[in-house]
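Enquirer: Below you will find the structure I want to go over with you.
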Amino acid sequence: MSPKAKQKTEDPSRASARSDESAANLHQLDAQYGVLGIVLLLFCGTVSSYLCTLLPDALTSSDLNNHPTAFIAERAWESLQVLNDFGPKPTGSVANELRAAEYLRREIEKLKATKHAVQQIETDHQIVSGAYSIGFQGHPLTSVYRRAQNLVAKLVGEGAKHGDPALMLNCHYDTVASSPGASDDGGSCVVMLEILRVLSRSPERTRHSIIFLFNGAEETPLQAAHGFISQHRWAKEVRAFLNLESAGSGGKEQLFQSGPQHPWLVAAYARAIRHPAGQVFSEELFHSGLIPSDTDFRIFRDFGHVPGMDFAHSINGYRYHTRFDNIDFLTLPVLQRTGDNILALTREIANGDDLAMVDDDSRLADGHSVYFDFLGFYFFHYSSSTGQLLNYALALLALVLPYAELLQPVRRVGGFGHINRQVMAGFLGTIVGTMLSVAVVLIIANRLDAIGRAMAWYSTPYLILGVYGCPVMLIHCFSQRICNHLLQHKETSLNLAQIVRSRLLGVNLFWAVAIVYLTIANIRSAYIPAVILLCSVLSSLTISLFGFQRRPHRWLGVHLAFQAVAMLWSTNFYHLIMKLFVPITGRIGGTVNPEYLIGLLVAIGGLLCISYLVPLIGLLKQSSELTARLTVFAMIGFLLACCTQVGFPYRDDSNGEPSVQRHYVTHTLQVTNGSIDSGYLLREMDRNAVRVLRGVAKPHEITPMRQLATCKTMPFCGIPFYSVWHQIRFDHYWLEGPPPSVELDHLPTLVLEKVSQVSVATRRYAFHIGHHHQTSVQSALVIVPRPGVRMIKWSLMDTVPEMMEFNGQRAYFVLITYGLAQDSVWNITFDFEYDPDSVRRAEEPLVAISWINTFWECKEQHTTDFRGLIEKFPEWAHVIPSVAVVNITEY
């Protein structure tokens, strides 16, 4: 047969395939169909946002007869009202050490008196002192606590004896200064009270004992938990724990840490929880250090070597650690959901086999879990090794199945190369779109910050969609069109539908490569793109099984149906991330441009949401109409952010949704070898803070702390240093002012009692510290040895930790927190080793010590000038005032 005859024979088959595919010409889709795609995305985002905050109805006391063994939110609410009314409860304050502690003690005793006859409750009031070394973001410190309080109750298990395994629940009832702490962490404590009430009134004991730890020094940070796990007689019984925390004032309690390892805990969660909310992504994110917080989970893990689970609310993080973390901004359904879940999980673990076996069966402690909830409806979990196999299999299937299906109808007409070309167009278009969208959002972030419009979206997160979301979508659309133009081939055996599906296969290739890379890197969060890729695979399977590949509108409908599920999944993550990080930008300091963070998150979230929608623009008659509308939306977003009040970052509580700017202001007295200086230390908590500080300080000028001469002559610039979290990471400003009003006899005292020569090259200093008043005060020691001198021993601990570095200086940093006041003094010693040849005289100083005392919740010590300064701050600012005395002496 001649080539010409062969061509004639094949033409009818080729023409038939094309006619099947183009029975309805997809190229005739009008531009509004592209807008419908945006509408579908917004609809899915709205649904997922609703599901993020969906809470169950709360039970009241009237429901008790119908639900005698259920968690009753109203009873917990009554206890929360009492704790809330005590106001701020920083460790050492009367409100924390006397009122809150006494109230919780009485409530526990009431539960003990009203328990079921078969139940046994043991209680203990631990007053504990101790010290330990810990590091925050690579900066070591020694944490010391004196007479911190723990209120402990043990619901004894069936037949349990001393030393038998127990489950522990932990909360903290102390708060930061200026915050009533209704959510952080009063809500958790009343949830635990109600769980104890429900279980203690049950006619059946749990199999294992349950320890309820109400600790009174977490914000200091994490000290009372250390006192329990290192010194309490019940600590060795604890085989697992549930830690209840909060970084917001509502929403779902998220499981955001588990283990380490011990996958049986996640399995117990999966069996027990009615309303799941947990992502291993949150665990990996928290461990990355991007979130400026820590919890008691770390103490139980590192010092008690006990596995556990960490839960926290994160919605409305604007109120976290502010005066708005009060009962007015919390709801009964939040307590109900948390109580339902933690009660069910407590019963599951306390009645299960694993708690007793965890010490003996190494298999229980081995391995990591991949876990996640799907929109709050179902909880998935499997081992990380299983996850790796699933990821590799999915990546392979996502490439082989669609490719084989696409190749089948065009194999005889040489479509192999044409498919490959379009696959590469889709693959490169996604890569280029990702890279360019990242570059564009960074440019936008830089320019917004440069014109002074940083954080315009802070109180109105919807602006993010216009300012960053629309540009990201535009870039992806343009990149797909550009790659299509560069790789298009005029003579192709593929019809339009096959071209678009080939490009979608290119998107599959992109996600397959990403998933394989994440899996090789042992990043368990690879499940996030894996679910999106799975939706594409299921779409291809459905199209193949029903033969929709020859019916363009039907395969498009199937594709969009599965993409709706993928968009629900991806927009759910967008909401989780934004609801977490947008409020966090208000407390990450002024040196970080938050626009970069939010822009990058939107670029990543946009990629997850639209990667399988963008190739569909090839079906549109005129894609320019779609891009023009996206451009209009972006322009509207920019105008609202830059030119209207909508773009003002902060809000007071007039609309019921406060989103405040935070300010720490410390009225400071510096005493250095008899020389006295005073003023106000101002901390820059966010990108816009310095402009507000300059306005408040007028007509005087504020000076960056590191530019002061004191930074060259005083340990750690002479600032009232107490927080590694804030004071190392943030910039500080100094405003000259009159001295604070401080009652010197209320100050904790550091008195040198004796200097002795232990050896030729070792000198010992003996001090005593006294704290006689029930006041919320934290002390700190900044110990700076002179060159050639080092500390070799001290009485605080058996080991001497590494020195901390601040502003080019190295020093030992000791944070001291006082709980209950005491009449007696506390003796400490420091041994310094030095070169005898470099120290000529016995009285020659070896070390400079900065003795710092910072008072919280001390309005009686606020001078008229200090009150006047605080009153200058606007209504939408939250000011945390304190008074500090820094006394620097050479010894």
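Note that Cβ sites are derived from N, Cα and C of the backbone, with glycine treated the same way.
Marked as compositional bias 'Basic and acidic residues' by TrEMBL: 7-21. Feature annotation from TrEMBL assigns domain 'Peptidase M28' to 150-345. Residues or ranges marked as domain 'Endoplasmic reticulum metallopeptidase 1/1-A TM' in TrEMBL: 422-642. Marked as domain 'Endoplasmic reticulum metallopeptidase 1-like C-terminal' by TrEMBL: 658-887. The region 'Disordered' feature in TrEMBL is assigned to 1-22. The feature transmembrane segment is assigned by TrEMBL to 33-51, 389-406, 427-445, 457-479, 500-520, 526-548, 555-577, 597-620, 632-650.
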Enquirer: Is the transmembrane segment (457-479) packed against any residues at least 6 beyond its ends, judged by a Cβ distance under 8 Å, and which are they?
Expert: 38, 429-430, 432-434, 436-437, 440-441, 444, 448, 578, 582, 585-586, 598-599, 602-603, 606-607, 610-611, 614, 617, 623, 626-627, 630-631, 633-634, 636-638, 640-641, 646-651, 657, 659
Enquirer: Output the single range from 427-445, 500-520, 526-548 maximising the number of Cβ pairs under 8 Å to the transmembrane segment (597-620).
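Expert: Per the Cβ count, the answer is 427-445.
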Enquirer: Under 8 Å between C-beta atoms and at least six residues away from its ends: which parts of the chain pack against the transmembrane segment (427-445)?
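Expert: Apart from its flanks, the transmembrane segment (427-445) reaches 467-468, 471-472, 475-476, 478-480, 482-484, 487, 503, 506-507, 509-510, 593, 595-596, 598-600, 602-603, 606-607, 611, 614-615.
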Enquirer: Below 8 angstroms Cβ to Cβ, which residues of this chain, lying six or more residues outside the transmembrane segment (33-51), approach it?
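Expert: Those are 375-376, 473, 560, 564, 567-569, 571-572, 574-575, 609-610, 613, 616-617, 619-620, 623, 625-626, 629-630, in sequence order.
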